[in-house]
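Peer 1: Structure provided below as structure tokens; questions to follow.
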């Protein structure tokens, strides 16, 4: 076999692999959206779910998902940024750094159900909060933190070394260099990474089963006092998210329209995650243009 | 550092000296004594001794890996960034040993600026590239900043080309313009010594010539140490030349002497292109 033929065969194989990936994705998305799309209307998206009768919506679940996601990111981003800066800029090569890196990797590879069980111990039982939004958000923080640390570290490391040298050679301190040169240059990648991680958090179910719970109390969307029991903003109430809802109606749903609700919820979930991905690219490129003053 | 570096000799004090005191021998800017630099086990610079005069251009030449860049980077302590790098000996600058542990490298780098081989402007506007370090040093007045920006861009012979687009991205400039911006950015800090690490090697011949003209002009105000691989460049712009080989300073003399009548065989072989 001469090299030309080998090259052609290799090219074909890689095309086929790429095509397979695209087919799987398009097939999956197409199936879910095709089945769920008919359910998508304002009423379904805003009304509360029902326990026995048909025609329930996913309003509360949708709100819970975004609320837990928001809280998770509030916890994760500063911690992840701090960890990433430490790992990329301050950690000296050595045994301690290796140990920290191993911890991050192990944490990143923990199955989410294990994190859920850990959350049950820590944030539900030990704290005495019961199933709560805060407990769920903290469990998801544990789930998401290693990814965020990694994202921030990689983003800082990919900033060209000559940028850092340029700043230090001008007599600027290390910390000021990090603040004014490295972080702005790394910001688009950090933002993109954070939004992509959001998609992962948004779709997470296992870590929330035993932390945020499977129920949502009756919510009064006109009550925005976060300390009130019926307020949607109350962080100490149980909250079933969209991903958990899909699992719950499929396994223990008593409503007659289980299939429709599951289809619709799945479509909403997957469209949201898709939007996160598109948003990540779009905002990333806008921010990049803005801070580099390029057109 | 400011206290460590006192008394600070500035260029202006030298300009004010009466002419009668200016002898053939120029004052010394950097006095290198028994300098050794190691990267881990690798002995990169071996017992180097020589002194660099004020307001001269000193060229460091030699084949790749001969230690000339390592030496240059040790002057403003950029080697500190490299894990495992350590130095012994002295580089005296105003009676301060720059190699010492008690040196405040941040203050040091304000007085001894550096320009790198590859133009490395920040991905910010031209204006912000220059004021970046000034703002860090507490200069907030817009008027003052504007003044320094213009002054340093003029010194770097870039003002006329960019004065109408100071707020455009520095990345929109050509490679040669970017490098002059990097020089301007360094000049804005009003350093005493400029370290140039092959500043023109990544540029086209025309940009290269502009940088050379610039260096010749800057000599009046600054002490310049330049690493170069370009023999012609070294012979055109420098007053003295140091030839490094395998970490050893083989020969250091007036540039004319090095290029016309070197005293060491290795030097002659190198500049006539027999190796390296």
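Just so you know, the numbers here start at 1 and follow the chain as drawn.
Every residue gets a Cβ built from N, Cα and C, even glycine.
Bear in mind that TrEMBL entries carry predicted annotations, made automatically and left uncurated.
Note that the coordinates shown come from a computational prediction; the quantities given were computed from them, not determined experimentally.
Per TrEMBL, the features are:
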DOMAIN    A:62-280  domain 'ABC transmembrane type-1'
TRANSMEM  A:12-34  transmembrane segment
TRANSMEM  A:66-87  transmembrane segment
TRANSMEM  A:99-123  transmembrane segment
TRANSMEM  A:129-149  transmembrane segment
TRANSMEM  A:181-202  transmembrane segment
TRANSMEM  A:267-287  transmembrane segment
Peer 1: Count the CB pairs under 8 A between the transmembrane segment (A:181-202) and each of A:66-87, A:129-149, A:267-287, then give me the winner.
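Peer 2: Highest pair count goes to A:267-287.
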Peer 1: Out of A:66-87, A:99-123, A:129-149, A:267-287, which stretch touches the transmembrane segment (A:12-34) the most, going by CB pairs under 8 Å?
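Peer 2: Going through each listed stretch, the top one turns out to be A:267-287.
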Peer 1: Need a quick answer: max count of Cβ pairs under 8 Å to the transmembrane segment (A:129-149), which of A:66-87, A:99-123, A:267-287 is it?
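Peer 2: Out of the listed stretches, A:66-87 contacts the transmembrane segment (A:129-149) most.
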